[in-house]
Amino acid sequence: MSEPRKILVTSALPYANGSIHLGHMLEYIQTDMWVRFQKHRGNQCIYVCADDAHGSAIMLRAEKEGITPEQLIANVQAEHSADFAEFLVDFDNFHSTHAEENRELSSQIYLKLRDAGHIAQRSITQYFDPEKKMFLADRFIKGTCPKCGTEDQYGDNCEKCGATYAPTDLKDPKSAISGATPVLKDSQHFFFKLPDFQEMLQAWTRSGTLQDAVANKIAEWLDAGLQQWDISRDAPYFGFEIPGEPGKYFYVWLDAPIGYMASFKNLCNRTPELDFDAFWGKDSTAELYHFIGKDIVNFHALFWPAMLEGAGFRKPTGINVHGYLTVNGQKMSKSRGTFIKARTYLDHLSPEYLRYYYAAKLGRGVDDLDLNLEDFVQKVNSDLVGKVVNIASRCAGFIQKGNAGLLVDTNAAPELTEAFLAAAPSIADAYEARDFARAMRETMALADRANAWIADKAPWSLNKQEGKQDEVQAVCATAINLFRQLVIFLKPVLPVLAADAEAFLNVAPLTWNDHTTLLANHQLNEFKPLMTRIDPVKVQAMTDASKEDLTASQTDTGAAAPAGNGELAKDPLSPEIDFDTFAAVDLRVALIVKAEHVEGADKLLRLTLDIGDEQRNVFSGIKSAYPDPSKLDGRLTMMIANLKPRKMKFGISEGMVMAAGPGGEEIYLLSPDSGAKPGQRIK
């Protein structure tokens, strides 16, 4: 027998600024099922997580509520922990990034990077709130859109016309925190030299650590050239001060992934047999997996492995990326009652219903998962109650009444029993590959065969016939053993159902290897109902309660739900627009013929764009991210082609190129896939 594997697993850290919703829960359930499967197989698998507890958003919310940030994150952690526990997410440790272990590790990693020459310093110019005495992120600046004139727009984009721009382009800018007029101010910032790790990342991201689709997306960023990453923020800021730099703090995304290490370190400090270096040391032979949503891929597949490499730690074995959650085919919506908090769900329905439905829909790819509430009711009722539990409920009574609850030593269906045994390796492979949907399909196919066999034997009819009692007991004993096999296959997904079944079967906790044996001459306990059907009325009550939960305190944004802790959690989506509004925007593929500096402009580059039959001149505020504009020459990008030309100090701008990121060094020009041609419409 092979040695048990040593595995450390993490999920993305939930942000300690709000409640867990079903989009978040997708990731934690997915991870928990995989961890439970590994433990079920006898492997050492440790699952750690933590609240992501730093940043301006937490500091400002605490101030608004009249409490300290420490009290706020303690309150949120208690809420998160309760939600996870009731959803049966079984962390070995759930910690906080605001902890001494994280402070020590963050400082250690930073100092190693600094001493190795991977940290740069330079001055940047930002808006500053003179009343709050703090620098303002883009989302904390509001003003009049420079494109369409709409008032009360954020510092980087307009919700009315969709334009993106630099905060300095806003007309009549105001601090969203104090209402004061911000002033421009210089500040010394610290940058992680991500380009130092370009070659390593190109090899590592193609080494099987990522799904192919994710590796392809990362390759686009690598091909475009990596930029240095701003890792500092100025006081006041809730986080860790950078060693030796008073008033300078680590940006939340620097210490957040280090929180994985800190949570494990905290567990090691309480568990003498665990060795931190055996899992995180440069030469560690343990496996390390991160489960994340697709919205935070760049942090985990670029910044994080580079930080680990530069600081002398091991890199992840794999990063498992999943998509977003939709409900009834649409973005989660507060007005429709489909933006459902974990607590609201738990107030109405069993967590195992959702665990099974997620498992039945989760493949190994990064596609979005749809929670169709009608299908949810039908599938859970049909598969779990109508198929799996039905086997035991049909047959247990005959054994209790006819043989005092004793299973006879007879296998009445050797071929079917062998088919169940033969299916186990394929189901195990599906679990291992995180293809839970295939594992559930193959398990339910076995349940169908078992039910068909029981229906054919019809013990309820045999029981009425003279002299057929031995056959009744043989059929029912075989059925109970088949039920036991199904429970073994489903245990990582349905731990409560498995525990209740183990109590009925009168057995110790089942392991995966138990599928190779059968119960014979074995005493059962009294059968009690294992699961009830979902009542659609309860689902409706849940959606009604979700409307009451959220519309009282938040306007309806029709927000999509990231199934993790990413950019959307910190910079929510804009309100929905109708199709006609979207259709009015003419998006085109553009070839950058030439990119050049603009004399006298601090933030602008002049781009000459080819859109097929004509060329356009566009000024774009991306200079801070692309200090060498010649590297953009010959690159395809995307532009809004029907913006009214705008007269600027340096000339006429005839459109707008599209980019992502919070600003400063972190601006990422968008590019179409290979094969796109200049002038093609983007649909």
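Using the three backbone atoms N, Cα and C, a Cβ is placed for every residue, glycine included.
Annotation note: Cys148 (Zn(2+) binding site) sits in a coil segment as assigned by DSSP. Cβ contacts within 10 Å of Cys148 (Zn(2+) binding site), excluding its own Cβ and spanning all protein chains shown: 14. Per Swiss-Prot, the feature Zn(2+) binding site maps to Cys145, Cys148, Cys158, Cys161; the stated evidence is sequence analysis.
If you look up Swiss-Prot, you'll see Lys334 marked as ATP binding site, on the strength of sequence analysis. Classification of Lys334 (ATP binding site) by DSSP places it in coil, neither helical nor stranded. Note on Lys334 (ATP binding site): other Cβ atoms within 10 Å of its Cβ, all shown chains, come to 20.
Per Swiss-Prot, domain 'tRNA-binding' is recorded for 581-683.
Positions annotated as region 'Disordered' by Swiss-Prot: 545-572.
As annotated by Swiss-Prot, motif ''HIGH' region' applies to 14-24. Residues 49, 51-53, 55, 57-58, 61, 72-73, 76-77, 79-80, 83-84, 96, 324-325, 327, 332, 339-343, 345, 354, 371, 561-565, 569-570 of the same chain lie 6 or more positions beyond the ends of the motif ''HIGH' region' (14-24) yet place their CB under 8 Å from a CB of it.
Here Swiss-Prot flags 331-335 as motif ''KMSKS' region'.
The DSSP breakdown of the motif ''HIGH' region' (14-24) into helical (H, G, I), extended (E, B) and coil residues amounts to 3 helix, 2 strand, 6 coil.
Other residues of the chain with a Cβ within 8 Å of the Cβ centroid of Cys145, Cys148, Cys158, Cys161, the Zn(2+) site, are Pro146, Lys147, Gly149, Thr150, Gln153, Glu159, Lys160, Gly162, Ala163. Each residue contributes its Cα atom, and for Lys334 (ATP binding site) and Cys158 (Zn(2+) binding site) these two points are 22 Å apart. Neighbour list (Cys145 (Zn(2+) binding site), Cβ cut-off 8 Å, at least 6 residues apart, same chain): Glu151, Gln153, Cys158, Lys160, Cys161, Ala163, Tyr165, Leu170, Lys171. Cys161 (Zn(2+) binding site): 17 other CB atoms within 10 A of its CB, across all protein chains.
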